[in-house]
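Q: What Swiss-Prot shows for this protein is this:
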- 1-34: signal peptide (SIGNAL)
- Cys58-Cys94: disulfide bond (DISULFID)
- Cys74-Cys90: disulfide bond (DISULFID)
- Cys77-Cys103: disulfide bond (DISULFID)
- Val123: valine amide (MOD_RES)
Amino acid sequence: MKPGNTSFNMVSFRMVWTAMMATLLVAGASSAGTRSSEDLSAPEDRSLSKRLVFDPSCAGVYDRVLLGKLNRLCDDCYNVFREPNVATECRSNCFYNLAFVQCLEYLMPPSLHEEYQANVQMVGK
């Protein structure tokens, strides 16, 4: 092995290592910077502020699990179509709308449609 090749390999290794470390630092800093003040609040504050996110027109049972399932369906629908209004329209009128039905039909197997429709009825009474 020539001495020149060894120094070149060492320089290449250092450059790659430096680039990897810089990438890790940037990724760590950006993920730490995305935490909202809601994430940093006290646990009792979190439940109240998260409840405010849901549509006040949902006058039925406030069940966090059911609302979470319905919200996730709308989020998944937005992630598939990437249309700005999909998630908002899907959640409008407490999930009782055509956009929600279309998302449900597109994303969920038919065997779960009835369950989701029952969940909409339960939270939107």
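The backbone N, Cα and C atoms fix where each Cβ goes, and this holds for glycine too.
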Q: In angstrom units, rounded to an integer, how far apart are the Cα atoms of Cys74 (disulfide bond) and Cys103 (disulfide bond)?
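A: Rounded to the nearest whole number, the Cα-Cα distance is 7 Å.
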Q: What disulfide-bonded residues among Cys58, Cys77, Cys94, Cys103 are found with a C-alpha within 10 angstroms of that of Val123 (valine amide)?
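A: Neighbours among disulfide-bonded residues, in sequence order: Cys58, Cys94.
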Q: Going by DSSP, is Cys77 (disulfide bond) part of a helix, a strand, or coil?
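A: DSSP call for Cys77 (disulfide bond): helix.
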Q: Going by DSSP, is Cys58 (disulfide bond) part of a helix, a strand, or coil?
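A: Assignment for Cys58 (disulfide bond) reads coil.
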Q: Compute the C-alpha separation of Cys77 (disulfide bond) from Cys90 (disulfide bond), stating it in Å without decimals.
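A: Distance between the two Cα atoms comes out at 8 Å.
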Q: What count of other C-beta atoms do you get within 10 angstroms of the C-beta of Cys90 (disulfide bond), across all chains shown?
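A: 24, counting other Cβ atoms within 10 Å of Cys90 (disulfide bond).
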Q: Relative to the Cα of Cys103 (disulfide bond), which of the disulfide-bonded residues Cys58, Cys90, Cys94 has the closest Cα?
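A: Considering only the listed disulfide-bonded residues, the nearest one is Cys90.
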Q: Using all protein chains in view, find how many other C-beta atoms are within 10 Å of the C-beta of Cys58 (disulfide bond).
A: 22
